[in-house]
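One structure is given here, and the rest of the page talks about it.
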Amino acid sequence: MPSKKALVRRPSPRLAEGLVTHVEREKVDHGLALEQWDAYVEALGAHGWETLEVDPADDCPDSVFVEDAVVVFRNVALITRPGAESRRAETAGVEEAVARLGCSVNWVWEPGTLDGGDVLKIGDTIYVGRGGRTNAAGVQQLRAAFEPLGARVVAVPVSKVLHLKSAVTALPDGTVIGHIPLTDVPSLFPRFLPVPEESGAHVVLLGGSRLLMAASAPKTAELLADLGHEPVLVDIGEFEKLEGCVTCLSVRLRELYD
């Protein structure tokens, strides 16, 4: 039976110092961010996910975006080497967490860089964004780690947003959804559904037809509901100021086994 565990990490007191690349910096309300994070974690739990907190990394402003520190396929965890040097201290606590869960652990080594937010898994196909945070050596090391396990790794150019999953994610049937102005090459995906809002391109598959989505994408939620999906909306506005989205606030572990 597939596992339903999700790694999460409490926001750092220095959250407001987090990196911004493609947006203008806005003031972050730390108290409100904590409330929004709690509600996000509660939403996962309410839909059957066991949330596991990674030890906080208070000196790492971006550490709440825990997805960037690891990529898991089958029972193998690839600890990333983030493209932003200031984020590399985030990986140690995540490595400890996945090791406790029994994952086999591999690492991305210099000169490779890889952010987990650049990795979109659809079945046995792994799309990896080649952009500002993930380089060619990182793509090669991801391929070396997971192709022997049966994965098909497809590199995708990313130039308009921070990460691949800032531009696209996927529905339960494998259809990729994305906001056209931010998607470099939509034709790379076998099935592509345009959505009307930037944050509407980000969904977390909760199980069945349920999709965790940002409250900032009501038009997309309406579109997806009309297609038979069940949007579950959460307000993550303080994290969106830092280019965060619903996917990067957790690491969903669906394929763990004893």
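Placement of Cβ uses the backbone N, Cα and C atoms for every residue, glycine included.
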What does Swiss-Prot list, out of Leu19, Leu182, Leu188, as binding the same substrate as Asp62, Glu67, Asp68, Arg87, Arg133?
Leu19
Between Arg133 (substrate binding site) and His163 (active site, proton donor), find the distance joining the two CA atoms and give it rounded to the nearest Å.
7
Report, in whole Å, the straight Cα-to-Cα distance of Asp62 (substrate binding site) from His163 (active site, proton donor).
14
By a simple count, how many Cβ atoms lie within 10 Å of the Cβ of Asp68 (substrate binding site), its own Cβ left out?
28
Quick one: which residues besides Leu19, Asp62, Glu67, Asp68, Arg87, Arg133 have a Cβ within 8 Å of the substrate site's Cβ centroid, in sequence order?
Phe65, Ala69, Pro82, Gly83, Ala84, Glu90, Asp115, Gly117, Cys248
